[in-house]
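K.L.:
Below you'll find the structure I mean.
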Amino acid sequence: MNRCVYEDIIRFDTKGSSLSDFRTQYAYMHGPISIVICILGIILNAANIVVLTRKNMMTSINVILTWLAVVDNLKMTDYLIFAIGFYVMKDPDLDLMNTYNIHKGKYLEFHASFAIVCHNIGVWLTVSLAIFRFLYIWFPGRGKIFCTVTRAKLTVALIYVTIAIICIPNYYTNFLDKKTPVHLNSSNITCHAKYTVNMIDQKDPVFIANTYIQAIFTKLVPCVLLTVLTFLLIYAMHQAYQKRKVLLSQGHDQDARRHHEHNRTTGMLLAVVILFLLVELPFGILTLMIVFSPAEWMTKVYDNLGEFHELLALFNNSVNFLLYCSMSKQFRKTFISIFCRCLPKQNYRVINMTERSQFNNSVNHNHHNTTHVQTDA
């Protein structure tokens, strides 16, 4: 078979390992599956943004959820282009992540950094979401003062800017690598330069600094914070459930209903946090192990699981809409009022009538407070 031969740098030989075989077999499915998830996720997150930015939904929690949907959509739009270009429309005679087109190569270099920035912004937005809810539950009086819409917007802006700065070393760890053919197996074929993205030497100070930054500030610290906050929120839900039982036994039905709605909101946000932890914690541990393991660990283990982790992350970026719809009456009501105007008027009135009374009761109890995803402030 006539082929062009390139002098590629192979740092460690991983052929024949079970993880390498898994990656090879899974790679054929990764592109199409990722494209489907990205398209659905972009549509669902766009719906999240539209619903959560309505005037009656404008609260601190919803501000964070809105910008979480924004960064998820940025990440999935970028990944959609990447999956189409490097999996579905892959050059047939080249390995994955290689191309003859220099413009595709430059996009691959951009993607390598942009995806990390978006992912890390999503990580810290999830942390801030848990912190805001924790403050609101554990300090009911001060929580309403601390967790204002203005503070939420400042928190979002701070996260976006800080992550862009923290990831500066990561921008320098990836570079566009041009490979030229060293010889031809046949004089009848024409060989072109190919492009791929490689990483700088693992002993380089920039690479080492970036590894520690990514391992500590975007993996270890967020996962520890979210784990602690998860247990605290579960405990708070249990306490609220016990209080609701007491209120019901004393005949305070309206107060009991309010506590039930607060618990549903906490439960929904808890589901978002737990799903995030299930995806991120195992790979966060793998990232930390890179720091303390031999150099070939990254190539033999982490890289071979990278695409599977990306698929799980894309799924996590896509399902928040389903969580909101299943656990938030206010979100469903607003969504229906915006997107389901085509429903027969009689059915639409039934939907509104069944949920309006519950919403009004909550609004009357909380005076002028608006609701975030649920019916509490």
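For all residues, glycine too, the Cβ spot is worked out from N, Cα and C.
Feature table excerpt (TrEMBL):
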DOMAIN    44-324  domain 'G-protein coupled receptors family 1 profile'
TRANSMEM  27-52  transmembrane segment
TRANSMEM  64-89  transmembrane segment
TRANSMEM  114-139  transmembrane segment
TRANSMEM  151-172  transmembrane segment
TRANSMEM  212-235  transmembrane segment
TRANSMEM  267-291  transmembrane segment
TRANSMEM  311-327  transmembrane segment
K.L.:
Pop the mean pLDDT for the domain 'G-protein coupled receptors family 1 profile' (44-324) in here, whole number is fine.
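P.N.:
Computed over the domain 'G-protein coupled receptors family 1 profile' (44-324), the mean pLDDT is 83 on the 0 to 100 scale.
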K.L.:
Using Cβ atoms only, state whether the transmembrane segment (64-89) and the transmembrane segment (212-235) have three or more pairs under 8 Å that are 6 or more apart in sequence.
P.N.:
no
K.L.:
Below 8 angstroms Cβ to Cβ, which residues of this chain, lying six or more residues outside the transmembrane segment (27-52), approach it?
P.N.:
62, 65-66, 69-70, 72-73, 76-77, 79-80, 83-84, 86-88, 90, 96, 307, 310-311, 314-315, 317-318, 320-322, 324, 331, 334-335, 338-339, 373
